[in-house]
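Visitor: The domain 'ABC transmembrane type-1' annotation in TrEMBL covers 12-290. Residues or ranges marked as domain 'ABC transporter' in TrEMBL: 323-545. Feature annotation from TrEMBL assigns transmembrane segment to 12-36, 56-80, 124-143, 149-167, 240-259.
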Amino acid sequence: MSLLKSILKQHFLAISGIIVLNLISACLGIFTISYINQTLSHESSLYGGLARLAGLLILLLLITLAAQWTLTALGHHFIWQKRSRMILQMMATPLDKLEQQGNGELLSLLGPDIRNITLAFVRLPELIQGVVLGGVAIVYLGYLSLPVLAIVVIWMGLTFYLGYRMVSKVYEHIRKVREYESDLQDVFQVVIHGKKELGLNPARARHFYDNDYQQAALGYRQHIIRADSFHLSAINWSNIMMLGLIGLIFLASQALGWISETIATSFSLTVLFMRSPLLQAIGAWPTLLTGELAFKKINEIFPPQPSEQQPDAAPVPVGWKTLHWENLSWHYPKTGFQVGPVNVTLQRGEIVFIIGANGSGKSTVSQMLAGLYHDPQARVWLDGEPLDNARLKSLFSVVFTQPYLFKTLFVNPQAGDQALTEQWLEKMGMQGKISVENHQLSTLELSQGQKKRVALLLALAEKRDILFLDEWAAEQDPQFRRYFYRELLPWFRAQGKTLIIISHDDDYFDVADRILEMHQGQLTELTAEQRHHVSRDVIARLGSRQAEQG
């Protein structure tokens, strides 16, 4: 199993010590059985016999607990490492790779998959104890009688072979359960994020429940029931066969005369002693298989690699003048839509608008320009010098159409400036609605327009050179929209910002120093004559032209 191999590779000495503890525990357990059967039966002193028995039992308890606790602690440490590494890898993974997986799959990795690996380690001590104890018990039974041991081995071999066949069926259904679990994560997101639409339209809610939810939930139920059925069958089969083995041992003693009644009793006590750990080991196996499946799934998407955090990008020259992108391209395999090649130059301190119809590629090009969609064939130049992707991203603060709001305003507390923060809040019209204490925003329970203002506040707090706003003014009221274009944008430029604005607000196109038009994935700059003819219906014109050509 790759899960066990991985933890053994990383913690070989600790696992070796745990196995030794389990071996000592198993030997002590068998010795206790022998002591009970052969010594206590001839013990003349009640108190002396009880004292020695109590000592053996306490020692057995302590060693067994030490072995199991150590393995459990090691397992949780391993899971903490795995989760931490996965979070770092997820944050370092290119945006397009994460988008290919989908939110449901990623949530399954972080939630159910990590939980299943945790449960696997919780049950792992039972498996190791059962295997080690079984091995020691076999040696002891061989010492008592080889012929009867042969019967025991054949009987237990048949028991475990059929049990293994049942458990293999468990694994098949667990794989299906994992697939439906990912589908359910997608369903849960719809319930949470689409609650208003579902609450408003009962017909849509019923259709969603009857089709999307029920398909995933019934599939999950069907396969989890089958997995549990095979699991319980394996446990009960093993339990009954172990009891049958005790009867077979006494039959060998009484009917065949192979062993004495005393040895038959020792055999029976040993089998009874083995029974619980072995049944626990069999019961733990499906949990381990589930953890193994989750471990493989995580490694498939996030292969094991060093968990070092991404270093900060080297600083760019403070007084840079021009930024040039050369041959930026991006292709969507599912739809065949392509953006680019894009060749564009940005002058420091400019206000540049990007316009175009819906679906023309504006948001895609914004993520390309900011380095989130990285084309390894493209080239970026800063004042004529090559610029790598990490340094490119360090230039940008972006407010996306659906931004995520963090409660921490300044990532670096030393960069915080209370007077500047109050000035920003005043400029955004947010004084009295939100406050900043110890670099933390007081609330995020705001309207959509106010959330966009907070997102802009967070972007300003990053203190980066280029501010990229994707349809930022769409949720603002007409008065604040005018204020944004006529007063805020010039003020941002006066503060040293270079601005790229994706906009449909043709009333304010005159604010821009340059206008770039996105049309069917191609980015071109409007000439002075074209800008002169830009009117209130420019977006409708672009949309109808794209529809005619599409």
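Heads up, the Cβ atoms here are built off N, Cα and C, so glycines get one too.
Describe the structural surroundings of these features, if you would.
Guide: Using a Cβ-Cβ cut-off under 8 Å and counting only residues 6 or more beyond its ends in the same chain, the transmembrane segment (12-36) has close neighbours at 52-53, 56-57, 59-60, 63-64, 66-67, 70-71, 74, 128-129, 132-133, 135-137, 140, 266, 269-270, 273.
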Visitor: I'd like to know the mean pLDDT over the domain 'ABC transporter' (323-545).
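Guide: That region's mean pLDDT is 85.
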Visitor: So what's near the transmembrane segment (240-259) in sequence-distant terms, Cβ-Cβ under 8 Å and 6+ beyond its ends?
Guide: 144-145, 147-148, 151-152, 155-156, 158-159, 267-268, 271-272, 274-275, 278-279
